[in-house]
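Report on the structure given below.
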Amino acid sequence: MAAIVTGLIPILRTAVDTTTTYKCRSLWFGFLCMRLVVLFVAEMPWFKLDADFSCNTTQDLCTRGCFNQHFDKPVMVAWNFFFILLVMSVLLMELFASHLRSAAQKRSSRQRNTTGELEAQGKSVSVGESEPPGKMVIDLHKDSGTVGFYLLSTVLRIMVEVWFVYVLLSWNLPKVDEGPFKCKSAICPEIHICLVRAAPEKRMSIYALASVSGLVIVTSVLFCLYSIFHYLCKF
């Protein structure tokens with residue numbers, strides 16, 4: 001539990017403490033928090049995967065050989081890697097929003113300098129022109145380039161999630177979606193019968209992760225369609 005709290009704190013802090021916001025920003029950070037919680041719960045049945053794998057042999061070397069042969073693709077490391085990619089897809093828009101904020105501050109600074117010069121010349125300046133911007137809200141109606149970059153980060157998020165679902169259903173699920181299986185390795189030429197314990201819990205964890213990814217994919221696709229028709233096509 002300490003690990004999940006430690007991971008949630010910086011995500012929540014970034015989502016709340018901000019000077020720049022944009023449409024659906026809280027939604028993406030909410031998905032990050034939900035993914036982190038589900039990822040922590042889903043990894044619990046996999047913590048002792050080597051202990052859950054057993055074969056009808058007394059030789060540990062043969063059992064380990066069959067284990068490496070059966071689980072020939074990464075599991076939890078791959079899951080954590082895809083979570084990092086998901087975070088990067090969200091932070092990509094955060095970096096762009098920070099760039100827009102910095103550009104706005106530079107324009108405001110130049111405007112204040114111009115205002116000071118006009119006041120020195122005795123010309124009146126409205127208060128709104130001289131006040132620095134507070135919390136900046138990105139208006140996607142005004143700049144199609146910003147919408148394009150936002151769509152790019154969303155498409156990257158969709159690609160990451162689709163790739164993750166493929167890994168879950170093609171790499172991981174078949175390894176725990178079967179009963180006892182025969183194993184014959186180069187180390188031990190004899191045929192052994194091996195079994196993975198707690199297979200229903202492991203399958204459930206995969207289904208949970210795939211469900212969250214499916215929700216993110218559907219939401220992201222709908223947001224892309226909405227942004228294209230609403231901001232670019234002006235429908």
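One-based numbering along the chain as shown.
Glycine is treated like the rest: Cβ placed from N, Cα and C.
According to TrEMBL, the protein has these features:
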type: DOMAIN; residues: 14-228; note: domain 'Connexin N-terminal'
type: TRANSMEM; residues: 27-47; note: transmembrane segment
type: TRANSMEM; residues: 77-97; note: transmembrane segment
type: REGION; residues: 107-130; note: region 'Disordered'
type: TRANSMEM; residues: 149-169; note: transmembrane segment
type: TRANSMEM; residues: 206-229; note: transmembrane segment
Legend entry - the domain 'Connexin N-terminal' (14-228) [mean pLDDT, rounded to integer]: 85
Legend entry - Same-chain residues near the transmembrane segment (149-169), Cβ under 8 Å, at least 6 residues beyond its ends: 22, 28, 73, 78-79, 82, 85-86, 89-90, 92-93, 96, 140, 206, 209-210, 213-214, 216-217, 220-221, 223-224, 227-228
